[in-house]
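Have a look at the structure below, then the notes.
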Amino acid sequence: MLDLRNAENVVIIGGGTAGWLSSFFMLELFPRATITVIESLSVSTVGVGEGTYRNFRAILDRFSINEDEFFKETEASIKLGIGYRNWKKDSSDYIHFFHDHLLTKLSKIKVNGIELAWPLIGYNSSHIPSSSPYQKFIDEKCSDLNQVINYIRENDLKTRYGYHFNAKKVADYFKKLAIKKGISYITGHVNEIQLTENKGVSSILLEDGRILETDLVIDCTGMRRAISSKVDGFEFKKFDHLLVDQALGFFLPHEVTGFSLLTEAIALKNGWMWIIPTQTRSGCGYVYSSKHCSEEEAKQEIQQYFGSKIDFPISHKFEAGAQTKPFNKNVVSIGLASGFVEPLEATSIAQTISQLNDFATLVTKSGYAIPQKHIDYLNERTFNAFSEAAKFIHMHYLGGREDTNFWKDMASNANNHNELNQIVASLKTRLPRDIDSSSSHTRPQLYFTEFSYFSIYRSLGLISDQVIFNEISAIDSSLLQELSGEIKSILSTV
């Protein structure tokens with residue numbers, strides 16, 4: 001058991017978005033304790049454009065962060081979804097919208113274990129239009145951020161979108177807010193940790209000789225995992241079926257990239273490129289497989305794509321995988337320290353928020369005295385979330401492209417991966433179910449919905465018209481007519 005009922009000191013190692021988000025949660029959980037963030041000035045936050053999932057908006061509300069001020073301080077813009085270009089064999093494009101404005105109503109319409117609305121909308125067999133209130137902004141290539149914000153607020157869609165922003169500016173803004181709220185902030189580099197008899201961390205020793213006593217440690221040191229990797233029981237499992245492992249970051253003006261309310265995900269020879277427009281410029285990056293091309297070849301491909309010379313201030317190596325015990329003893333790994341899949345679908349910040357929400361729920365529901373079985377449950381749940389995200393991301397690469405060795409190898413890796421094989425095989429006979437997104441009895445921290453799975457798989461051609469027709473045909477005709485009318489009624493109010 002971990003007893004935090006009399007916790008006096010909570011130490012967060014590392015700043016960045018994960019560190020400062022963690023500080024907000026720790027202040028809420030431990031109002032009488034001293035919450036300290038230790039940030040090393042030698043470790044900088046990458047700021048080449050970052051996108052969020054729609055669960056980020058709830059964070060602003062939870063901690064009373066003014067959205068207008070957030071836009072101003074972070075150069076943020078609105079993200080309505082992700083636009084995919086060249087991911088399919090036929091080079092056609094598709095959009096993964098944030099359809100949460102319909103989910104609450106439409107997800108209740110279930111027959112035979114599936115959400116009926118999305119197949120009907122996707123198949124369009126009963127003349128139900130595919131509808132999104134955001135579509136007009138995409139069609140019109142809207143660049144007026146205020147127009148979109150006003151529309152969202154007037155139609156009460158405040159939790160139905162994400163953000164594009166400069167991660168460095170977000171970290172700096174959250175730091176300013178946290179210090180105002182009473183966070184103790186020090187700069188320094190962790191030199192050593194002292195362990196208790198049960199191998200938990202009792203104190204942090206800094207390079208300059210300072211010692212900080214602690215009851216709870218939050219490891220936000222990114223992929224270095226500077227604290228968690230030193231605690232007994234640390235284990236990191238790789239997601240070897242994913243091949244991208246290197247990212248080149250760069251900036252471009254809107255005059256080159258255009259301004260979009262979507263994250264642009266453009267498939268290239270050996271990976272893909274993101275274009276994330278903030279208010280002042282676009283943050284871009286080429287995520288590629290170092291097994292299939294060198295850094296110099298990757299740079300040349302990007303420069304050929306844009307037809308001009310480009311500076312690449314950031315080159316970052318990463319490894320897809322996750323800790324099996326992100327909550328170990330009295331150390332909780334958050335953000336990149338706990339795991340990482342790859343940049344596609346903005347799973348990193350979404351997972352960070354899910355982890356913090358789950359940790360807060362666990363602590364409060366346990367009365368701050370947490371039995372090991374609850375810690376084990378949370379660890380399994382968290383690892384499952386990373387594992388499921390990794391499989392979902394891999395499915396994005398199965399649109400039939402085989403024009404380079406990279407795309408051939410991604411398809412081959414899926415064929416050789418038992419669970420991915422099962423997903424692909426099941427989609428040939430039936431539509432995805434909610435239960436498909438769990439690898440065990442322990443439900444992962446799902447932030448993707450059935451709509452997300454259906455939207456991606458259908459767009460990639462992994463779900464055929466015949467499969468949808470078979471599912472719909474199995475429904476009693478009178479019930480189908482009744483439900484179709486209900487769906488049309490819901491869509492007419494959007």
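Including glycine, each Cβ sits where the backbone N, Cα and C put it.
Please treat TrEMBL annotations as automatic predictions, because they have not gone through curation.
Per TrEMBL, the features are:
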type	residues	note
ACT_SITE	LYS79	active site
BINDING	GLY15, GLY16, THR17, ALA18, VAL190, LEU336, ILE349	FAD binding site
BINDING	LYS79	7-chloro-L-tryptophan binding site
BINDING	GLU345	L-tryptophan binding site
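For the binding-site residues listed here (ALA18, LEU336), the lowest count of other CB atoms within 10 A around the CB belongs to LEU336. Counting every protein chain shown, the Cβ of GLY16 (FAD binding site) has 25 other Cβ atoms within 10 Å. Of all the binding-site residues listed (THR17, VAL190), VAL190 has the fewest other CB atoms within 10 A of its CB.
Across the structure, GLY16 (FAD binding site) and GLU345 (L-tryptophan binding site) place their CA atoms 20 angstrom apart. Geometry remark: ILE349 (FAD binding site) versus the residue listed as 'active site', CA distance 14 Å. Each residue contributes its Cα atom, and for GLU345 (L-tryptophan binding site) and THR17 (FAD binding site) these two points are 17 Å apart.
In the structure as shown, the Cβ atom of the residue listed as 'active site' sits within 10 Å of 25 other Cβ atoms. GLY15 (FAD binding site) sits 24 Å from the residue listed as 'active site', taking the CA atoms of both as reference points. The number of other CB atoms found within 10 A of the CB of GLY15 (FAD binding site), across every protein chain shown, is 27. Between the farthest pair of Cα atoms in the FAD binding residues (GLY15, GLY16, THR17, ALA18, VAL190, LEU336, ILE349), the distance is 24 Å. Of THR17, ALA18, VAL190, LEU336, all annotated as binding-site residues, the residue with the shortest Cα distance to LYS79 (active site) is THR17.
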